[in-house]
Structures are given as structure tokens and as C-alpha cells.
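What TrEMBL says about this protein:
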- A:61-83: transmembrane segment (TRANSMEM)
- A:66-276: domain 'Cytochrome b561' (DOMAIN)
- A:103-123: transmembrane segment (TRANSMEM)
- A:135-158: transmembrane segment (TRANSMEM)
- A:170-197: transmembrane segment (TRANSMEM)
- A:209-229: transmembrane segment (TRANSMEM)
- A:255-276: transmembrane segment (TRANSMEM)
Number of protein chains: 2
Amino acid sequence: MQQGGSSSPSCSASTPHCFPLGHLNAAACGSETSPEPQKHEVNAHSAPAGLSRMRPIIIFYTWYLLGLALSVACVVCVCVWSSKWRGGFAWNGSGLQFNWHPVLMVTGLVVLYGNGAVLYRVPLTWGQNKLPWKLLHAALMLLALILSIVGLCAVFDFHNANKTPNLYSLHSWIGIAATALFAIQWVAGLAVFLLPCSPISLRILLKPVHVWMGGSILSLSIAACISGINEKLFFVLKGNTNGTLPYNALPPEAVLANSLGVLIVAFGMVVFLILSNHKWQRPDSRPEDMAYTPLLQEESE
Amino acid sequence: MQQGGSSSPSCSASTPHCFPLGHLNAAACGSETSPEPQKHEVNAHSAPAGLSRMRPIIIFYTWYLLGLALSVACVVCVCVWSSKWRGGFAWNGSGLQFNWHPVLMVTGLVVLYGNGAVLYRVPLTWGQNKLPWKLLHAALMLLALILSIVGLCAVFDFHNANKTPNLYSLHSWIGIAATALFAIQWVAGLAVFLLPCSPISLRILLKPVHVWMGGSILSLSIAACISGINEKLFFVLKGNTNGTLPYNALPPEAVLANSLGVLIVAFGMVVFLILSNHKWQRPDSRPEDMAYTPLLQEESE
């Protein structure tokens with residue numbers, strides 16, 4: 001569950017599992033023999049072009065593209081479920097307003113969030129200046145947070161319009177906890193890792209907490225999605241009482257929504273795989289390189 | 001989600017965040033300057049006894065004890081729910097047989113599993129011979145797997161006795177996937193990391209997969225538990241139809257079972273915190289030290 005952990009694997013120039021990015025290798029592999037921190041410049045073309053040395057990059061992008069494909073599949077699947085099987089969308093307190101809830105939570109709290117989490121792992125982002133990618137990371141996470149909050153508003157409005165109590169189920173407890181922790185994480189991340197007023201010692205102290213909390217929030221989001229899909233299918237597929245086939249007969253809607261749950265879990269596993277592989281970690285995410293120039297100074301350069 | 005990852009943080013003898021275990025420090029901190037792999041002997045008494053140097057160990061054991069306390073709380077909570085609120089236990093196809101399901105899944109697939117996963121992080125286990133702890137890790141995981149399978153048998157028997165279909169809900173899909181992956185993980189772990197016939201290159205290749213899959217299984221288990229508790233409460237707290245208060249009125253049983261869900265999530269977060277901290281990683285779990293003597297050779301020494 002490491003997004004930008006505190007360590008680096010040992011390897012030499014001939015170690016086959018390290019990324020073939022020329023002098024990036026020494027930094028990525030955390031050589032402790034260099035007396036001075038190195039500046040890292042990405043120039044993949046300067047690396048030996050042998051196919052065998054490109055293999056780690058190809059493996060990374062294979063997993064990354066699988067993650068993107070699963071992202072698209074999750075969003076398409078939840079949209080089809082809400083529009084085709086649940087009647088579409090509205091914002092009028094009806095069940096059609098509720099339909100925004102799964103779409104926005106899956107898109108925001110899982111898909112956008114997971115893609116924002118792995119952003120720094122993409123070798124294309126390993127330029128000398130981390131700032132644009134930090135801003136993109138923060139922007140993706142902010143968009144994810146906004147979608148999640150609108151998704152919560154959809155279900156609160158629906159409950160209030162139908163005189164249904166809010167926040168009684170375990171699903172709602174886990175979902176609201178995930179969103180609240182996400183909001184705290186985003187504000188703390190902005191204050192600690194982007195604004196220039198935070199001391200470097202605080203960044204070094206809080207980086208592992210940010211990484212651990214980031215992974216925990218994704219796990220909570222997935223648990224909330226699984227329990228929410230499960231709950232919704234028991235609510236709407238009642239068999240004799242509302243003219244549908246019961247959930248336990250596995251009608252097509254149940255297969256679709258269960259498959260959505262499987263896709264969400266598969267996406268989460270790919271995200272955790274990418275985050276857990278230290279060979280795919282951004283070179284200057286090592287703690288000794290965390291003393292980068294903060295936001296305002298970088299902007300003035 | 002690192003259980004025994006492939007990297008090690010850089011530090012010196014004076015680095016305050018490294019464990020104060022004397023010469024263990026150099027190994028734990030992954031110094032690349034030593035030309036020969038070092039043998040690691042645990043002797044905490046040989047370390048400087050200053051309170052400030054004991055701080056990392058105190059912090060580790062604080063989290064570890066919190067994990068143990070949450071383990072006990074989860075097991076007590078699920079037992080009280082099944083015995084006091086759901087009528088107790090039997091093995092006769094009735095609802096009392098179903099009651100074994102949450103108890104055994106929470107105890108096996110979450111509590112025992114999570115404690116088995118963090119075993120190698122306990123500094124007391126960092127002796128020169130890893131074999132006893134590998135065997136204890138395997139034994140704890142086998143016990144967890146057996147409890148989980150018996151927990152699945154309980155619900156299958158209950159469904160079959162009541163002519164209820166099996167494996168239709170998303171909860172059941174996620175739960176069966178978690179148990180199946182756990183079984184595969186255990187057999188693969190035995191074959192690759194304990195039996196002497198597996199080559200070292202295979203161990204090095206599969207260690208990160210074992211670690212990533214281990215974390216994924218725990219995440220799946222937690223998602224299955226949350227969705228299962230949520231589903232059960234909607235089933236049994238129906239309000240007017242069975243004389244109970246409805247779930248949305250949050251009767252005491254609902255508060256207890258929701259709290260069980262929160263405890264499970266908190267336990268999972270503590271486990272992931274311990275696993276994600278490389279400073280708490282067993283020194284000889286580094287890939288260059290994975291060429292340890294396999295089971296039969298170790299036994300014959």
C-alpha cells in the first residue's frame with residue numbers, strides 16, 4: 001500500500017528489474033554510495049534500447065493500462081446499471097436522484113481516487129520538476145472528493161424526501177467515514193505537501209501517514225461500494241412484491257451489478273499492486289529527497 | 001501493504017527512527033556498503049538503553065497491542081452478537097447453525113489472518129533462525145483457513161437445509177473469492193517458501209506477489225465482512241414483520257453489529273499500518289537475504 005514510501009530497493013546497473021532510464025536507475029535504486037543527492041532528469045532515449053531492458057517499463061504499462069481499462073469498465077457498468085436497469089437520472093428527490101449516488105461514488109471515490117493515487121508511478125511524470133504532477137494529483141483528488149460529496153448529497157436528499165433516516169446502516173457508516181477521511185486527507189495533503197509554510201521535517205514525518213491513510217481510504221471505499229451494491233440489490237430485486245425476479249434467482253441486473261462489484265475489486269487490486277511495487281516508485285520520493293522546494297518558491301523559478 | 005517487501009530504508013547508526021537492536025540496525029537499515037551479508041542475532045540488551053532509542057520499539061508495540069486489543073474486541077463482539085442477539089449456536093441446519101458463519105469468518109479470515117500477517121514484524125521473532133516463525137506463520141494461516149472453510153460450510157448447510165440458493169449475492173461472491181485466494185495463497189506459500197524443492201529465484205520472484213496477494217485477501221475479507229453484517233441486519237431487523245425494531249431505527253443490536261464492522265475496519269487499518277512501515281520489517285526479509293536454507297536442510301542442522 002505504498003504510494004511513495006520511505007525506502008528503495010538495492011540494485012546495480014546490471015540488475016534486470018530496475019527501470020532502464022539511464023542515470024535514473026541509480027536514484028531509483030537508492031544507492032547509498034553517492035555522497036551527494038543526484039538531480040534526476042528523465043530521458044528514456046538515453047537508456048540502452050535493448051528490448052530486454054525495456055521489459056520492466058512494458059510490464060508497468062501493461063498493469064497501468066489494465067487499471068485504466070478497469071476504470072472505464074467500472075464507470076460504464078455503473079452508468080448502465082443506473083440508466084438502463086434503474087430508470088436513469090434526475091434531481092427531484094425520487095429514486096432517479098438516488099441513481100446518481102452509485103455513479104458518483106464509484107467514479108469519484110474509487111476510479112478517480114485510484115488513478116490519482118498511482119499518478120506518481122507513471123515514468124512519464126518523472127521530470128525534474130514534481131510540481132505540475134503534484135498539482136495534477138491534488139486536482140484529480142479534489143475532483144474525486146467533489147464527486148463523492150455530490151454523490152452523498154444525492155442519497156441524503158433522496159432519504160430526506162422520502163422520510164428515510166440517514167446514516168443508520170453499516171454501509172453508510174463506512175461510506176461516510178471514507179469520505180470524511182478523504183476530505184481530511186486532502187486538506188492535510190494540501191497544507192503539508194503543497195503550501196510553502198510547512199516545514200520539511202513535518203513533510204518527512206507525515207509522508208508515511210499520508211501513504212497509509214491513502215491506501216486505507218481506498219480499502220474503505222471498496223468495502224462501502226461492495227456493501228452498497230449488495231444492499232441495493234436486496235432492496236430492488238424482491239421477487240413477488242415488485243414484479244422483479246428475486247436477487248437469489250440471479251436475474252441479468254444482479255449479474256451486471258455483481259460484476260460491477262468484481263470490477264471494482266479488480267481495479268483496487270491493480271492499484272495496490274502498482275503502489276506496492278517499489279521498483280515503480282518515483283525516484284525523488286525517497287525521504288532524503290523530500291526537501292524539495294515548496295509551492296511558491298517553485299512557482300517563482 | 002508490505003508484509004516483507006523488497007526494500008530497506010537508508011539510515012545510519014545515529015538515525016533515530018531505526019530499531020535500537022545493536023548490530024541488527026545495519027541489516028535492518030539495508031546498508032549497501034557491507035561486502036558480505038551479515039548474520040543477525042537478536043540481543044536487545046546489547047543495545048544502548050536510552051529511552052529515546054527505545055522509542056521506535058515502544059511505538060511498534062503500542063500499535064501491535066492496539067491490534068491485539070482490536071482482535072479480542074472483534075471476536076467478543078461477533079460472539080456476543082451471535083449468542084445474545086441471534087440465539088446461540090447449533091449444527092442442525094437452523095439459524096443457529098448460520099450463527100457460526102460470522103463468528104468463524106471474522107475470527108479466521110480477519111483476526112487470525114491479520115495477526116499471522118504481522119508476525120514477522122514483531123522484533124522478538126528476529127532470531128537468526130527464521131524457520132520456527134515461518135512454521136508459526138504457516139500454522140496460524142492454516143488455522144485461519146480451516147476456520148474460514150468451516151464458516152463457509154455453516155452457511156452452505158443452512159442454505160441447503162432451507163432450500164435457499166448459494167452464491168448469488170455480491171457478498172457471497174467476494175467472500176468465496178477471498179477464501180479461494182487464501183487457499184491458493186497458503187498452498188503456494190507452502191510450496192514456494194517452505195519446501196526445499198523450490199529454487200531461490202522462484203522465491204525472490206514470488207515474494208512480492210505473496211505480499212501483494214496477502215494484503216488484497218485481507219481487503220477482500222474486510223469488504224466481505226462489512227457487506228455480510230450489513231446484509232444480515234437488513235434480513236433480521238425488519239420492524240413490523242418480525243417484531244423487531246427496524247434497522248433504520250438503530251436498535252441496540254444494530255449498534256452492536258455496526259460497531260463490529262467499525263472494529264473490523266480499525267483492525268485492518270492497524271494491520272496495514274504495521275505492514276506498510278519498512279522500519280518495522282524483519283531484517284532478513286530483504287531480497288538479497290532470501291537465499292536462506294529451505295525447510296529440510298534447516299531441520300537437519
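Just so you know, glycine gets a Cβ as well, placed from its N, Cα and C.
Curation does not apply to TrEMBL; its annotations are automatic.
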_Same-chain residues at least 6 beyond the ends of the transmembrane segment (A:255-276) whose Cβ lies under 8 Å from its Cβ atoms_ = 1-3, 60, 63-64, 66-67, 70-71, 73-74, 77-78, 80-81, 85, 106, 110-111, 114, 117-118, 121, 215, 218-219, 222, 225-226, 229-230, 232-233
*Same-chain residues near the transmembrane segment (A:61-83), Cβ under 8 Å, at least 6 residues beyond its ends*: 89, 99-100, 102-103, 106-107, 110-111, 114-115, 118, 121-122, 253, 256-257, 259-260, 263-264, 266-267, 270-271, 273-274
*Mean of the pLDDT scores, which run from 0 to 100, over the domain 'Cytochrome b561' (A:66-276)*: 96
